[in-house]
Amino acid sequence: MGSGSSAIEKTKQIGNEYFKAGEYSKASIAYSKALKHDEFNAPLLSNRSACYLKLGKYKESLEDALACIKQSPGWNKGYYRMASALKACNLLSEALIYAEISLAIAQDQIVVTLISELKSQVQFVGRSTLLIWGNHNPRPSPVRGLEAVQITEVACGVNHSLAVTSNRMVYAWGDNSYAQCGVEGNCSNPRLIVDLLSHQITAVIAGGGHSLAIALNGDVFAWGINAYGQCGFSGTAKTPQQIKIQGKVQGGSAGLGHTALIMEDSSLYMSGWNSQGQLGKGNNLNLYEFTSTSITNANYVSCGAAHTLVVLKNGTVLAAGGNSCGQLGLGCFNDQNTFTLIDGLQDISICHCGEEFSVAISSRSAVYTFGLNNVGQCGYAEKITNRPKAVDRLSRALGIEFAACTKAAVLAVTRNFLTFAWGIVPDYTGNQSSQYLPKELEILKSKRVREIQCLRDAFMICTNYVQSNSYISNILLNAVEAGKRHRAFVNLIDSNYMFVNEPIDKVSALCFNSEGKISKGECHTYWEESRYIIELSINEAGYHNLYGFVNGMLLANSPIIYTVKHGEFKEAKVFVNSEEMIVNAGVGFTVLVQILDKYGNLVLEEPKLDLNLNVSGHCQILDYAEGCFRVNIYCTGIGKHNLKVLSATKPLQYILQNISEPDNIVDLGTRETISVQVLPGLISLAHCSVEGLKNEYFAGDIIIFNIISRDQYGNTTWHRSAPWIVELPLAYEIVDSDDFCMATIKTKCLKAGQLPIKIIYNDQILLSRDVTIFPGPLYIPHTLITGDGSKNSLFSQPRQAEFSIELYDEFCNPCPASLAVETIAKHNIQQLQAHKYAINYSISSPGEYKFILRTSNGNIALKVLVTKDPKLIKQEQMEQELEKKRQQMLEEQKKLEDLERKKRIDEENRRKQELLQKEKIMKIAEDKQKELEAAELLRRQKIIDRIKQQEITKKRAQEALQKLAEEQEKKKRDQKRWKRTGGGFTVPFIVEDL
């Protein structure tokens, strides 16, 4: 038990810290967690009510406040929370009732401020159900302090009053000399009896100086003067004390010093003063506790000053007590200390005792009086009568149902709310007169009087009140479309079980949504013809709770479930995961398209929806559920786009939401675009291409071609995950572009013939082709001459000779070329192959012969026949390779030098920027220093000017003082003096300077 209480207190403390920090949602969660262990903890309910109020969840705030009041009716916080929640709901008069209850329980400056605010705003509080007439009130007026409280019952003693409210609270006011008001201190205005708050009081009884209250469960409480035991126990009772009595109390009455109670079983108990036998116990001894009598079928009881009347269930009446004026109706003037049957009274429903007279009313509204009639209090001419006599002037048709007796007057109320009076009925203007015959009181004709109770010098008048079984009708069973108006009827039933047909009550209504917040839309009340109307126009779809109030009281069938459905499709919103989306081309990303009516409600029935994009791509609707389309968006054009989703050419609004966490929503307002970075898709061989590759090359040509990677939409894409594979029978170089969307293949083929090329990606062939390599241009140094002309020799004799010549390109590929020979020798050319020729010649005589072999790429001169040494050919090739490498090294060196030069330039630019920034800062500092120096010079100049002005002022003041002194000195010299002579008069004389 202890550990559980400790955990609750710890959780409550956590909630308090969250509340102080302004984190009301977390605080409400902490309080709710604690309430799971102790659901009837009033402080926790109060704190959670305050949290809900801060969060705008007014319904939950009201419910927690009511639960707090129910658990701790004597604690002021619950009423304060209720008042605050009602004020937030703009139910100001209702809030004022609860705020005043809170202040009555405990003085709190916050509550005082709240009451002051409410009173300044409340204009109409509803009907006043309790009026006072008399005691400086010449006309019936609402009891001050109870204007907004609905009173169901009132009781009056000699100089104090008690009132029960519709929510079973008790107020007391008037003389409190003997604590008969149940509270301490002055009771000039109604005060709440706090000690009775937890007991659900349904009835009150007021005696001469004591009071009683009967609870709903039959318990009875008493307080006030108790000198004769009239409270039913010994000792004093300054505050309500429960009376120990067997059984449940149903009703009762009190006189000057005695009390009678009727039990649930119809038995009668008496206690208190018994000097004239008014307790009916057969003696005149006082009783200091409630004691049963011989009566077991009591239906109604009334106590006068010193006598008692009891109406039995069979309609007969018993009387006991003082009978000096015949007030017992027994036909004599002797006191009776036992209950005695009154002859002549039958079918009586209620009776009332004045001080020395009595009134009985039958179930058929006949009125009988007996006892003292010295001022007409019995309603006829006889001065005194000791037998019941009907008041003839009161017809049964009037329907008298209730009467109230003062010491010398009777006021009777009819079923039609008319009031008749006889006896001494003051008009509270200083005039009073006796009237022996009943007369209707015009002043009360429009008040719909239900009950009257009498003080010594005033009347408490209870008017009709609205009962708690008043209800709302014309309730819609089916859902109504959002924004559509509906009128519900408020059927108010008064205490006479009749429908109220005049606008004298304060009727208000509140509608809460499922979150406990006030529903969006309109909910107001007004009077039309003969009833109040609640007009609703709710814009939120869902379930709503409609609460109706009348005079601060909840209507019987509140809350009413009011179902609102969505309207027609008017707009849509797109829910996305991020403001900036990154997707691959052709790879869809999912969004939620929320379909709303014009009030923002989800349209649950699937509408027709056409969606388009402002960029290349398309939308695919997947499904529709709970007012949302699930849509895949496919973008095919790469790059960064401001994406719009269009419906009927109208851009939709974006809302940022983590779709996997629906509670995490950030509304982006009216944004019509989001940033979408579309990246290339996966490589599609059908869309990839090879560019720059020709079908024919010459030996020695650089073969360069590009492999372009593309996705299925034709966008260039990267190939990092799986590189291209190029199958070539010779060495090659492959270089990827910076974005890995293109691979450049570079190679050099020196051998003529067919060059097979195959390009593969992920084991799939993109290209397979044979490229033709033709020999390069004729390279004379590689010409091969064999035969008789292949050596440098001189023929010494004439002879027939032959040599062959083979033509090659730079890379030793046979080079087809035309050949012409110029020589003096007789010769014949025979082409053996495309690149090989045989030359037959004849030398007629020895000597040196010159042969000029003319080709398309130059001439070859031979002396006699000269052939080249193969070693020389190889040496030339090596030299060419070395030269090529040297050129490459020079190019690399140039690139490094260019890079170094760029770095030096960048560094110089950076230093220049730093220098410029420093100069700018120094200039700003210099300008600031100059401004400060100028300000200082100006300040010093002002000081100098001020000093000069002060010196001038001082000089002028000195001159004025000097002039004033001179004038005074002159005046003094010229002044006349007066001197008294001996003759009794004076003469002037002049005082001269000495």
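Indices start at 1 and increase along the chain as displayed.
Cβ atoms here come from the backbone N, Cα and C positions, even for glycine.
Heads up, TrEMBL stuff is auto-annotated, nobody curated it.
Under DSSP, the residues of the repeat 'TPR' (8-41) split into helix, strand and coil as follows: 25 helix, 0 strand, 9 coil. The repeat 'TPR' feature in TrEMBL is assigned to 8-41.
Summarised as a single figure, the pLDDT of the repeat 'RCC1' (128-167) averages 87. Per TrEMBL, the feature repeat 'RCC1' maps to 128-167 (among others).
Annotation source TrEMBL lists domain 'RCC1-like' at 134-454.
Marked as repeat 'RCC1' by TrEMBL: 168-217 (among others).
Marked as repeat 'RCC1' by TrEMBL: 218-265 (among others).
Among the features that TrEMBL reports, repeat 'RCC1' is placed at 266-314 (among others).
If you look up TrEMBL, you'll see 872-981 marked as coiled coil.
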Taking residues 6+ outside the repeat 'TPR' (8-41), which of them lie with a CB under 8 Å of any CB in it?
47-48, 50-52, 54-55, 71
What are the helix, strand and coil residue counts for the repeat 'RCC1' (128-167) according to DSSP?
0 helix, 19 strand, 21 coil
For the repeat 'RCC1' (168-217), DSSP counts of helix, strand and coil?
6 helix, 19 strand, 25 coil
Can you break down the repeat 'RCC1' (218-265) into helix, strand and coil residue counts using DSSP?
0 helix, 23 strand, 25 coil
For the repeat 'RCC1' (266-314), the DSSP helix/strand/coil residue counts are 0 helix, 24 strand, 25 coil
